[in-house]
Amino acid sequence: MGLQRFSFFVTLALVARSLAAIGPVASLVVANAPVSPDGFLRDAIVVNGVVPSPLITGKKGDRFQLNVVDTLTNHSMLKSTSIHWHGFFQAGTNWAEGPAFVNQCPIASGHSFLYDFHVPDQAGTFWYHSHLSTQYCDGLRGPFVVYDPKDPHASRYDVDNESTVITLTDWYHTAARLGPKFPLGADATLINGLGRSASTPTAALAVINVQHGKRYRFRLVSISCDPNYTFSIDGHNLTVIEVDGINSQPLLVDSIQIFAAQRYSFVLNANQTVGNYWVRANPNFGTVGFAGGINSAILRYQGAPVAEPTTTQTPSVIPLIETNLHPLARMPVPGSPTPGGVDKALNLAFNFNGTNFFINNATFTPPTVPVLLQILSGAQTAQDLLPAGSVYPLPAHSTIEITLPATALAPGAPHPFHLHGHAFAVVRSAGSTTYNYNDPIFRDVVSTGTPAAGDNVTIRFQTDNPGPWFLHCHIDFHLDAGFAIVFAEDVADVKAANPVPKAWSDLCPIYDGLSEANQ
């Protein structure tokens, strides 16, 4: 690679967030390139030349046609790929859901695949990422916003655009498949694609610009592979108005603990003295704190000098507590208001053997035939569906309750669990022993808490979306170690509900023909 092209890619990676958003119709060219978002140069995976991947936007009701073009060449980060559009229900388009070996075979290098899906009734803050092994940790991850022209919160803010999306990224100097199976911490935290590591104390930091007197809707997106972050902005309170694509009753906080894959919209009133203020995202482990500007970005008021802040952090007195979150509009909780008061209740027992995680004594090993293809080919029962012990058929039009008790047998807690194809009611949250069947928040990623707190997080949802849907820990290193199951929802109706395009059917024969070095 010539020096000119090399510099071009590095420069691109540093200005990722200055590029225009794409969508709802777009091509995403997935490639390998050297990048240095924290001042340390490494090969990574870029989309349309940038890390993090570009912001995708659209409006409620849009049809998204996202053509993924795989030009990957570096086998250490895998040459194939598969992209999940996180938080979208994909009703009728389970084939476009993205998880490799659950909903599709990966896209081979040198090939492309069109993800074509509607978003009829969702709006809010989402994201997208590779769903093949630990590939998203190497760069294939970015924000996705669906705007609501009739947003019920519109009167609460003045500005909501590309400049008010905030991404939090754990960044590693070693490719995920070449590093430890379970890393002991990231090398840097990137906020909007920029950050510092211990070895790069002069790297550029992201600047978030505001104008005094205006109210901003910031969309905070954790595109983390592992740590959760405690997010705050010196001198400012934050009013949370959206949780994982669900409008919520306004809640005033001064810090937000955000777990991998979660999203929050908050309104910030730029009513403080014109100046520079530290934006902080402290990981729960690894290189913590803010010495030398690590884990930080800058909130800069118009008219403030171009300088690093001198503000200090004050102790959080009104942190975000999940049980204080409630939907803006009433969302009835499925089932009756007693523990187990549903059509089907499942308890998930976690375990770990030093190498792999287990749920109810099974570790998830990706099958050679995607679960969706198994169902379309006639497999119907848990006995028929692979991987054995990891696929749970769920009846149609039923209420489901899942309990996820925290246990010392599954280290690395708190584990954030994500259910595909649904938002669920969090009827018991981490840190709480009470059950709320009246007005709990609905979301798609929930912290399962810690064994020390005796947590027994409980969620509920309705089976109204035929297809195989992943439920997994969103710490990507844990998912890769088998911390997942699949719900095969309403198996009998999957085929009729999800007609698949020929291009989807072609993915497996192409992928299966690859040598291991080309996968």
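Any Cβ shown, glycine's included, is placed from N, Cα and C.
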- Item | Recorded disulfide counterpart of Cys137 (Swiss-Prot; options Cys105, Cys225) | Cys225
- Item | Swiss-Prot annotation, N-linked glycosylation site - which of Asn271, Asn456 | Asn271
- Query: Looking at Swiss-Prot, which one out of His111, His118, His129, His422 binds Cu cation 2 in the same site as His86, His474?
  - Reply: His129
- Query: Of His326, His397, His415, which does Swiss-Prot put in the Cu cation 4 site with Cys473, His478?
  - Reply: His415
- Per-residue pLDDT averaged over the domain 'Plastocyanin-like 2' (159-301), given as an integer: 99
- Query: When the number of other CB atoms within 10 A of each residue's CB is tallied over all shown chains, which of the binding-site residues His420, His478 has the maximum?
  - Reply: His420
- Rounded to the nearest Å - Cα separation of His129 (Cu cation 2 binding site) and His478 (Cu cation 4 binding site): 16
- Task: Sort the recorded positions Asn74, His415, His420, His478 by C-alpha distance from Asn361 (N-linked glycosylation site) and give me just the closest.
- Result: His478
- Task: Compare the Cα of His415 (Cu cation 4 binding site) against each of the recorded positions His86, Asn161, Asn228, Asn237 and report the nearest.
- Result: Asn228
- Query: Which are the residues of the chain, His415, Cys473, His478 excluded, whose CB is within 8 A of where the CB atoms of the Cu cation 4 site average out, their centroid?
  - Reply: Phe357, Ala410, Gly412, Pro416, Phe417, His472, His474, Ile475, Leu479, Phe483
- Message: Excluding near sequence neighbours, so keeping only residues 6 or more apart in the same chain, what lies with its CB under 8 A of Asn237 (N-linked glycosylation site)?
- Response: Leu252, Val253, Asp254, Asn269, Ile318
- Task: Take the C-alpha atoms of Asn74 (N-linked glycosylation site) and Asn271 (N-linked glycosylation site) and report the distance between them in angstrom, rounded.
- Result: 48
